[in-house]
Amino acid sequence: MFRGDLEVKSNKLIASDTFEIVLQGNVVQQISRPGQFVHIKIGEGSTHMLRRPFSIADYNIKANQLTIIYKLIGDGTEWLSHRRTGENLNVLGPLGNGFEVEGIKDEHILVIGGGVGVPPLYNLVKQLSTQNHVTAILGYQSKDAIFYEQKFSRFADTFIATNDGSYGYKGFVTDVIDQMGVKFDQYYACGPLGMLGAVQQRLIDVDGYLSIEERMGCGVGACFACVCPAINEKGYVKICQDGPVFHSKEVTL
Amino acid sequence: MNLSVKLGRLVLKNPIMPASGCFGFGKEFSQFYDLNELGAIVIKAATGNPRFGNPTPRVAETPSGMLNAIGLQNPGVDQIIENELPFLEPFHTPVIANVAGSSEEEYVEVARKLSKSSTIKALELNISCPNVKEGGIQFGTEPDLAYELTKKVKDVTNKLLFVKLSPNVTNIVSIAKAVEEAGADGLSMINTLTGMQLDLKSRKPLIANETGGLSGPAIKPIAIRMIHQVRQQTSLPIIGMGGICTAEDVLEFLIAGADAVAVGTANFQNPFICKELVDNLPKVLEQYGIHSLDELKGAAIS
C-alpha cells in the first residue's frame, strides 16, 4: 500500500454523467490483481474529510498508468470531473484484494456488471480471456449510459441489457442469464447490492465472486464503516480490507 | 524540543494520540508508520459481548466533517484482550482502552477485565456514544448517572480513568464536575455531536441509522469552547479532541486547556496525520515563541 500523487493524463466524459480518468504514478506498480481499488483525496485542506474509493478499471504496469471510471454523484465526483491533465491527485492504494485470476484456465466464465460496477470487470476480462472463454453481461440504465461495449467485445462475448430497453436486452442482467440457459463454470459480478443479491440467488449452484460497493471511511480496515454480514466466524467482513471481492457463498446480501 | 506531557501519573512522550474508533486496534495504521512515534494509542471501544453495529451506510461526508453511526461494532472485551492487545504489547506507546456498554453492569465488567491487562495503561469511559440505542450517551447527559457510573468503574480499576464527555448537553461543566467528584483521573472531550444529513433525491437520511455523530474540523470551535469552559472549573488532565488536522490546531487545543490531544477524522483523510503532527509540532511551537509545553498550562484561563 502506498500513498502518492498521481498525475492526471486525461479525464473525459465517456457516457451520460460518466467519466474516464487516466492517472500516472508509482502507486500503479503496487497493483497485483484486477478488482483492487484506490482511495482518492478530494479537494484541498479540510473541506472534504473523506476520501472516495474507486475501483481500478484497467492498469498498465509498464506505462505506470491506471484507469478509473466514475459517475457524477455528488460534490466529490463533481470536483474530480474538473481535474485537468497535468494536475496531481493524492491517492492511497492499491487497496483491497481484488479478483482471483491465478490458475484459472479452460473454463467458461460469466462476467456480470451493472452500471458503475462494470469498470473493475474490464481488466479482469482482459486477464481471464487469455486462457478462458469469457461471456460478459453488462447492464446499464439506458443507451446513453453505456460505456466500454467495444472494449469488452474484444475479450468476451458481450451482451448489453438496459433497464428501459433503449439498447440491447430490455431488463436486468439476470433476465439475460435466464434467456441464455448456458451453464457456466464460474462467475464474477460487480454492481449495485440489489443486482448482486439477485445474481447470487440465480447462480446459487455456480462458484462466483462478488465485488461489493459501500461508502467507506478509512479504506484500510480500521473504522468499521463498510462491513457486510458474512458466513464466517466473526459474522461479518470488512469490504475495504477483506474484499471488496468475496466468494458468493461467503457474504449475506 | 521536549514534547512530553503528563496526564496524572501517565507520562506521554508527546501529546498526540489517535482517537478511539478511528484507529481500530492499531494494526492497520502500523503499515503507515511506527506506532512508537505516538504519544498514546486509544483503541476502539470494547463492550461486554461482540457487537455487529448499525446497518450500512454508516458514514457520510459533511462540509469539513463527517457523520458516522458505526454503532460500537467490536469483537467484545474477551476477544479484544485475546486477539487484539497482543499486537500492541511490544510497543512502548501507552495504550488507552475505551470502555463502553449498555448497562452499568456491562461497563463495570468491561473495565474490570481490561484492567487486568498490563498492556492497558488507562481507561477511557465512553459515556458519550450517540449511535447506540441503549446506554452510551444516557450516562453522559445526566450528572447523577455519570457520577454513579464513574464511581462504580473507578472501584474496579487500578488504571487511570478518563471519562469521555458528550457535547450533546446543556451544561458540560456540570458533567465534568460530577465525574471529577466521582473520582475520574481525567477527561476526554469532546465526543461527536448528533447530526443528520438528507439526500435530496430520496428525501431520506444519508446514513442508515438516520442520525450520526458529527466530527471533523466543523466541530472544532465547539470543542475549543467546551475545553476552555471546563478548564476553568477543573484541574483534571484533559485529552482534547474535535477536528484536529494541523499542528496549529494542536496548539489551539493546548492553549484552550487540553494537556494532550486526540486525532480522529483526520486519520481518514490522511493516514499519516498523527505522525506528521508529532513531526510538525515543534516547528509550530517555535513559530509562536513557545519553548516548552509547560508554558501553555492554563494559558487561556482568564
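For all residues, glycine too, the Cβ spot is worked out from N, Cα and C.
Predicted automatically and left uncurated, TrEMBL annotations should be read as such.
Of the residues proposed, B:Asn83, B:Asn98, the one TrEMBL records at the same FMN site as B:Ser20, B:Lys44, B:Ala45, B:Asn126, B:Lys164, B:Ile190, B:Gly216, B:Gly242, B:Gly243, B:Gly264, B:Thr265 is B:Asn98. Using B:Gly242 (FMN binding site) as the reference Cα, a 10 A cut-off selects B:Thr192 from the recorded positions B:Lys44, B:Ala69, B:Gly71, B:Cys129, B:Thr192. In the predicted model, residues of the domain 'Dihydroorotate dehydrogenase catalytic' (B:3-285) average a pLDDT of 96.
Secondary structure from DSSP puts B:Ile190 (FMN binding site) in coil. With B:Ser20 (FMN binding site) as the anchor, the candidate recorded positions are B:Lys44, B:Ala69, B:Cys129, B:Thr192, and the one with the nearest CA is B:Lys44. DSSP assigns B:Asn126 (FMN binding site) to a strand segment in the three-state reduction.
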